[in-house]
Every structure is written in structure tokens, then in C-alpha cells.
């Protein structure tokens, strides 16, 4: 019993260590990029939101750079609250942000473990032996990417060890016993940790370990999209009716996405397996991207109608 306890404690510490490294690296990457592009926000918004497709692209790019859809959506809610942009122009930004947040899952699906030592050496050398500000920022960016994969490697090893736990497997079987359970679990988990990117990475690791099949991972993924709305809801509470409309749209959009795809999960699974056979992290990343791209394209032509609907719901 003592050996079992010690082994589980060691695995738990390894997992927590990996999670801390991963979250720190994401935060470091976010702060590095945020500090260097945030001052351009107003100019970019004024220039790009005149057309819906431009707003969509801006939302994708900024979220992919900042590595935080929650941060971008809170900023959008604040901008609408301050009347810097209207609800109609903010909707494409939200749609783009949902696509941009899939970037982390696509990035972490790569296997660059053999290059990690070279990335770390390159990042440290560039940072220590130059006084050029832009080169130092580049070095921090490189180190952040390396740390992301180190964190994933630590978490991956511990998740693989946990697959031998009968107690844990009982709960896992309950989750993929029905697709609805998977959606609920995904929503609750993402809401709890306040990070869709981290949730997707953990889901990739669990699926890669063989603990859950791809189809179950896809339904959990659907739930993650709903759970990540918690930050928008909290952020919208303190705003006026304009900000609340955007927060409501974010929630309704993600719920609508799950309703649209709920009976298409098997088809989506076949598509991503065809695109990336024998690579389940990439399959999950592709499912996440396809889900958000299709939903964004379906909703984008109706931004004006949606803004009118939101105005009727929240006056």
C-alpha cells in the first residue's frame, strides 16, 4: 500500500510539475506578444472591422498570437461596452477568436522533442549575448515554445502511468459511456480550469495514452467549447447591455455548435482520421479546428440578424 501510495504521489507530482511548466510557458508567450502588439489594438480594429471577413481574420490572428481566447474575448466585450465598436462588428472578432484558440492544439500535436535541447540553447544564447530588444523578444518566444513541449512531455509521462489505475478507469468508462456525458464533462472541466487551450492539450495527452477513444475525445472537445464561455459570462456581468450582448452571443454560438455537431461526431472522427491517420493528437486538433471553422462560416453571413436578435433579448 505504501509503495502504491508513493508511486501515485510521484506520478501526481510529475503531472503537476508538467502542468505548471506548461501554464507558465503559455503565460510567458502571451505576455511577450501582448506587450508588443496590444498598443496596436485600436488601429487594427478601426481598420479591419469594416468588413466581416477582415474582422474574422483579425480575431484569428490576435488570438493565435496572444494564446488566450478568454483574454481576447474580454477585450472585445470591453471595447463594445466602451462603444469603440458595435455588436455587429464584434461578432466576426468572436468567431475568429474561436478559430484562433485552436492554434495551441495544432502546435502541440507536433513531435519536436528531439529539437528541444537545440531550441533551449538557441533561446538562451540569443538572450544572453545580445542587447537588441527585438532579438531578445525572439529568444523569449523560442524559450516559451520549448517550455510548452517540456511541460507536455512531463504531463504525458504521468498520464501514461495513470492509465494503469483501476480506480481512475471506472470514471473514464462513465465519461465515454455516452456522448452526452462527454460533453458535460468537457464543459465542466474547461470551466473549472478557465483555459480551453490547456484543456485541449490535456485531452490530447489522455487520448494518446489510449485511455479514451477518439470519438469520446471529440465529444469532450465539444464540451470544452461551452465551458470556456465562463470567462465571457463573468466579464459580461460588469458591463452594460452592449457588453452583455456579446457575452451572450459567445455562449449561444458555442452551444449552437455542439447542437449542430452532436449527431455528426462519427463523421467528424472519420474525416480527421483520414486527414491524419495514426496521430491522435493531430486528429483532436483538426477536429477542434474544423468544428470552429465550419461554425464561423455558417454564422458569419448573419451577423446583422444576430445583432438585431441580441438587441431584442438584452435591451
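Positions of Cβ are set from backbone N, Cα and C atoms, glycine also.
If you look up TrEMBL, you'll see 12-33, 53-80, 110-129, 135-162, 183-206, 212-234, 246-269, 289-310 marked as transmembrane segment.
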Quiz item: Under 8 Å, at least three CB pairs between the transmembrane segment (246-269) and the transmembrane segment (12-33) (pairs 6 or more apart)?
Solution: no
Quiz item: Out of 183-206, 212-234, 289-310, which stretch has the largest tally of CB pairs under 8 angstroms to the transmembrane segment (12-33)?
Solution: 183-206
